[in-house]
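Going by Swiss-Prot, these are the annotated features:
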type	residues	note
ACT_SITE	Lys14	active site
BINDING	Pro99, Val100, Ala101, Ala102, Gly103, Ile104, Gly105, Gly106, Gly107, Ser108, Ala109	ATP binding site
ACT_SITE	Asp141	active site
Amino acid sequence: MSPMPALIEEGRAKVNLSLRVVGRRADGYHDLESVVAFADCADRLTLEPGGELKLATTGPLAAACGDTADNLVFKAAKLLAEAVPNLKLGAFALDKVLPVAAGIGGGSADAAAALRLLARLNNLSLDDPRLQKVALATGADVPVCLYSRACDMTGVGEQLLPLALPSMPCVMVNPRVPVATKDVFQALGLRNGELLVGATSVIGAPAWPEEGASIADWVEVLETVANDLEAPAMRIEPVIGEVLEALRDSAGVKLARMSGSGATCFAIYGAPAEAHAAAEKIRRDHPGWWVHAGTLS
């Protein structure tokens with residue numbers, strides 16, 4: 001019998017269009033409310049079925065991935081193997097193009113891609129409770145990345161409500177400075193059981209636009225919320241402020257803010273040509289930065 005062909009999945013970049021921190025729970029985790037979209041830039045994960053679990057990493061940003069044992073692809077696969085008896089495994093190959101520790105869920109998207117590949121190989125549903133539990137145990141952003149579709153995300157990241165986003169022209173910029181999520185939450189400074197000031201307005205999230213709403217409709221509502229991690233992240237890495245300034249000064253920009261815990265920032269535009277023109281200017285002005293022009297959806 002011929003060997004099973006390789007399976008391929010993309011790990012699309014996650015972008016937090018808004019991110020409100022409700023507070024820090026007694027167990028130390030933070031309750032969040034976030035509108036999450038996904039970009040058209042992605043890592044690529046391949047699975048060669050059969051044999052023991054392996055991971056090889058290549059690509060322009062492979063060196064930033066660190067040790068294989070610490071990679072979330074490896075962690076997710078091992079946890080699923082513990083949860084599902086006789087799980088078929090294989091050799092993963094990761095083509096890494098997204099920045100690491102960048103606020104766009106690159107590692108989480110890769111882990112989610114690994115779970116989707118293993119689900120395909122083992123005829124598991126993405127709604128399988130074992131897979132869902134493993135996704136959350138791997139990382140707070142992995143559940144939303146598992147489905148890779150726009151959602152209103154609450155709790156620590158496990159409560160997902162699908163949203164109908166229009167295709168939004170965007171520019172994403174990372175200054176090639178890693179920012180550790182734990183450091184940003186530490187800088188936020190909430191004690192266990194403490195609510196963020198103003199959090200009462202977060203608990204009842206805005207009424208998000210319905211299917212068919214325009215980019216302008218979404219921008220209008222998104223302007224009423226924010227990313228509560230932006231200020232503490234900028235205290236850690238002030239260059240984030242420079243990135244936001246470059247985006248906000250670009251022609252045609254509708255909204256610009258930081259994604260996740262940084263340092264990647266994004267801007268939304270009314271037309272693809274505006275996004276591409278803005279990206280070209282930022283590349284010229286800041287040749288050391290990572291810049292992507294594309295769409296969010």
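Even glycines carry a Cβ here, placed using N, Cα and C.
Shown on the structure are the features that Swiss-Prot records.
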residue: Lys14; record: active site; DSSP class: strand
residue: Pro99; record: ATP binding site; DSSP class: coil
residue: Gly105; record: ATP binding site; DSSP class: coil
residue: Asp141; record: active site; DSSP class: coil
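The residues near the ATP site, meaning same-chain residues not in Pro99, Val100, Ala101, Ala102, Gly103, Ile104, Gly105, Gly106, Gly107, Ser108, Ala109 whose C-beta sits within 8 angstroms of the mean position of the site's C-beta atoms, are Ala13, Lys14, Leu98, Gly260, Thr264, in sequence order.
Closest by Cα distance to Lys14 (active site), from the recorded positions Ala101, Gly103, Gly105, Ala109, Asp141, is Gly105. Rounded to a whole number, the C-alpha distance linking Ala109 (ATP binding site) with Asp141 (active site) is 8 angstrom. Within 10 Å of the C-beta of Gly105 (ATP binding site) we count 30 further C-beta atoms, all protein chains included. Cα to Cα, Gly105 (ATP binding site) and Asp141 (active site) are separated by 7 Å. Within 10 Å of the C-beta of Gly107 (ATP binding site) there are 28 other C-beta atoms, taking all protein chains into account.
It is Pro99, among the binding-site residues Pro99, Gly103, whose Cβ has the fewest other Cβ atoms within 10 Å in the structure shown. Around Asp141 (active site), the same-chain residues at least 6 positions away in sequence with a Cβ under 8 Å from its Cβ are Lys14, Gly105, Ser108, Ala109, Gly157, Gly260. Shown are the binding-site residues Ala101, Ala109; of these, the residue with the fewest other Cβ atoms within 10 Å is Ala101. Every protein chain shown contributes to the tally, and the Cβ of Lys14 (active site) ends up with 27 other Cβ atoms within 10 Å.
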